[in-house]
Amino acid sequence: LAAPSPTTAVPYMSVKCIDLRRNHHKSKWLMPWGDKACEKLKDFDEAVSRQIEANDIVFSVHVPLPNKEMSPWFQFMLFIMQLDIAFKMDNDLKENAEVTLDVSLAYRDDVLEEWREMTHAVEIRKLKCTFGSPKTAESEGRHYDCEFLPFMEMGSVAHKYYLINIRLPVNERKGINVGIGEIKDIRLVGIHQNGGFTKVWFAMKTFLTPSILIIMIWYWRRITLMTRPPVLLEKVIFALGISMTFINIPVEWFSIGFDWTWMLLFGDIRQGIFYAMLLSFWIIFCGEHMMDQNERNRLSGYWKQVGPIAVGSFCLFIFDMCERGVQLKNPFYSIWTTEVGTELAMAFIIVAGICLCLYFLFLCFMVFQVFRNISGKQSSLPAMSKARRLHYEGLIFRFKFLMLITLACAAMTVIFFIVSQVTEGHWKWGDITIQVNSAFFTGIYGMWNLYVFALMFLYAPSHKNYGEDQSNGDLGVNSGEELQLTTTITHVDGPTEVYKLARKEAQE
């Protein structure tokens, strides 16, 4: 609640500059305003009257707006472009028109410095425009309704000022920028993370890292004190703790002082590993508590469920490398610019969403089975002594509570994944807009940490030893049956009591 919304969108209107030099030398940067402002054009009618060709016009955008400066706290910059195209009878927008952009990006950290080139690229974007009125002489001058175009994405904001120069080179012989209608203006929308949100995010990570690390060390020490080897469930909980620590470590602090453009990609990889680990853990967690399952305490027994998660995670990693990986070299690249790329990207997000929903339904089914089995176990409680019965009733209540928390956590994670994918993609495919507030991001992140913390706390092996008479006598079983609780574990000091309880039912 203390943080502002995660991102801010700032609209920029490009200024049309005249560049009348013959060879369009790259070292000359055209500023839209200020002391060294370029010679401006009001509109293209003025260009026609002054006989200025399209190749001599440069659309210039300065980021940020006047009297402001960018900051490393903004973490990333994403730009989308909108073209204002007017209808003209003699210069109509043809079907599947493509616009070729010759784009240069420069930076400086002081208003007195010279601009230094950061990158230069020639990019092609497909125009998707509709015209609401009939294409007659009366409609001349009306604007097309054009979709947003992905323009640029940068993984760090290391400098204070940026300058974007865009040319629309025309070459009729090669068909470059022909049949794209009459472009009146180029608008950009710059999206960056809010500095206030970044500070809250960093503070959370810095606080949570030692918390999880301490409980993880305590948990593993408890397990190593046992005379038996750790069981599968304990290993998986520890692995989940490691992946949570990996996502927690606040390496982002370094992005304030260093120009690390790969931070976005690194963040995606960290989150992907955690997602894969969390989804695999839930399957194994429920499976290990199913009474009628024979293949227990072995990872190989879960290959059918864990295999698809691993394959899906790998596919998402490849997809991410195709987009963010290439952007490390060329920030103007986007997988959404080509027809195939857009279809692939959309297919990836839709399939991932459907698979997650199916996974959640499967998880609900497994939890239902576990509940049914535990309820069956409760029928044997009245035969026990009061102290023992209360002990087991408490265990069962805690276990059911943990199962419900697991389901709630799974549901929120699935919603978070789908919403974050849509939020990231909505600028790229147009009209869908979702405003996600900070509480959602920080809440989900805090929930994961609390969940992992609680798991380690509840599943750490107990150091309390019940006396031989107490554990066997009160349960009303002989020592042979007691040993049956630990069929796949070599020593009697088995894992947690809920786990023992589940085993006994399985044996029966």
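Heads up, the Cβ atoms here are built off N, Cα and C, so glycines get one too.
Any TrEMBL annotation is an automated prediction that lacks curation.
As a whole-number mean, the pLDDT of the domain 'Wntless GOLD' (15-193) in this prediction is 85. The domain 'Wntless GOLD' annotation in TrEMBL covers 15-193.
The domain 'Wntless-like transmembrane' annotation in TrEMBL covers 194-463.
Using a Cβ-Cβ cut-off under 8 Å and counting only residues 6 or more beyond its ends in the same chain, the transmembrane segment (200-220) has close neighbours at 2-3, 237-238, 241-242, 244-245, 248-250, 252-253, 438, 441-442, 445-446, 449, 452-453, 456-457, 459-460. Here TrEMBL flags 200-220 (among others) as transmembrane segment.
If you look up TrEMBL, you'll see 232-251 (among others) marked as transmembrane segment.
Annotation comment: TrEMBL describes 263-285 (among others) as transmembrane segment. Same-chain neighbours of the transmembrane segment (263-285): 75-76, 153, 155-156, 232-233, 236-237, 239-240, 243-244, 246-247, 251-252, 255, 299, 302, 305-306, 309-310, 313, 316-317, 320-321, 324-325, 328, 359, 363, 366, 406, 410, 413, 417, 448, counting only residues six or more beyond its ends whose CB sits under 8 Å from a CB of the stretch.
TrEMBL lists 306-326 (among others) with the feature transmembrane segment.
The transmembrane segment annotation in TrEMBL covers 346-374 (among others).
Within its own chain, the transmembrane segment (395-419) has Cβ neighbours under 8 Å at 275, 278, 282, 285-286, 289, 352-353, 356-357, 359-360, 363-364, 367, 370-371, 374, 377-378, 434, 436, 440, 444, 447-448, 451, 454-455, 458, 497-498, 501, counting only residues six or more beyond its boundaries. As annotated by TrEMBL, transmembrane segment applies to 395-419 (among others).
The transmembrane segment annotation in TrEMBL covers 439-460 (among others). The list of residues near the transmembrane segment (439-460) in space but at least 6 beyond its ends in sequence, with Cβ under 8 angstroms from a Cβ of it, reads 1, 3, 6, 200-201, 204, 208, 211-212, 215-216, 218-219, 222-223, 233-234, 237, 240-241, 244, 248, 274, 278, 398, 402, 405-406, 409, 412-413, 416, 419, 495-496.
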